Amino acid sequence: MKTVFVLNGPNLNALGKREPGIYGGKTLAAIADDCKQAGASLGLGIDFRQSNHEGDLVDWIQEAGDKAAGIVINPGAYSHTSIAIHDAIRSIAPLPVAEVHLSNIHARESFRHVSMVAPVAVGMICGFGPLGYTLALQALAARL
């Protein structure tokens, strides 16, 4: 069975409490359950992780280069600032990476409109709330 790493960045551990008007009321644990169910239906193993620390995300991306068939990543605010995450994803190419955001980053503050991850991802899904994770897994499964 192929494994997909589902990586989550800063503040996503606070889902369900943090700005539910923007991010919804679903917790990250519930999203993890959704991903595991979607993965099972797609024949994929899911390794679901979250960290508030950029270096952890870089380490996990590099680990995925050796252990995973693809990555779904919600880098949170690091999407807009992290050259380190961009470079880590570039270093594991051609491993497919799908970027996910719960909110539509293009309909929010202008500083959120630019993603450092998008140029090295196979695609981005944003604005569909937690469903975006399932959509990203379906898209990756179609590529694997």
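Each residue, glycine too, has its Cβ placed from N, Cα and C.
Residues annotated as active site, proton acceptor in Swiss-Prot: TYR23.
HIS101 (active site, proton donor) falls within a strand when secondary structure is assigned with DSSP. In the structure as shown, the Cβ atom of HIS101 (active site, proton donor) sits within 10 Å of 24 other Cβ atoms. What Swiss-Prot lists as active site, proton donor is HIS101, and the listing cites sequence analysis.
Annotated substrate binding site per Swiss-Prot: ASN74, HIS80, ASP87, LEU102, SER103, ARG112, in sequence order, evidence recorded as sequence analysis. In the three-state DSSP scheme, HIS80 (substrate binding site) falls into the helix class.
DSSP gives ARG18 (site 'Transition state stabilizer') a coil state; it is part of no helix or strand. Taken from Swiss-Prot, the feature site 'Transition state stabilizer' applies to ARG18.
The Cβ of ASP87 (substrate binding site) has 13 neighbouring Cβ atoms from other residues within 10 Å, across all protein chains displayed. Comparing CA positions across the recorded positions ARG18, ASN74, ASP87, the one lying closest to HIS101 (active site, proton donor) turns out to be ASN74.
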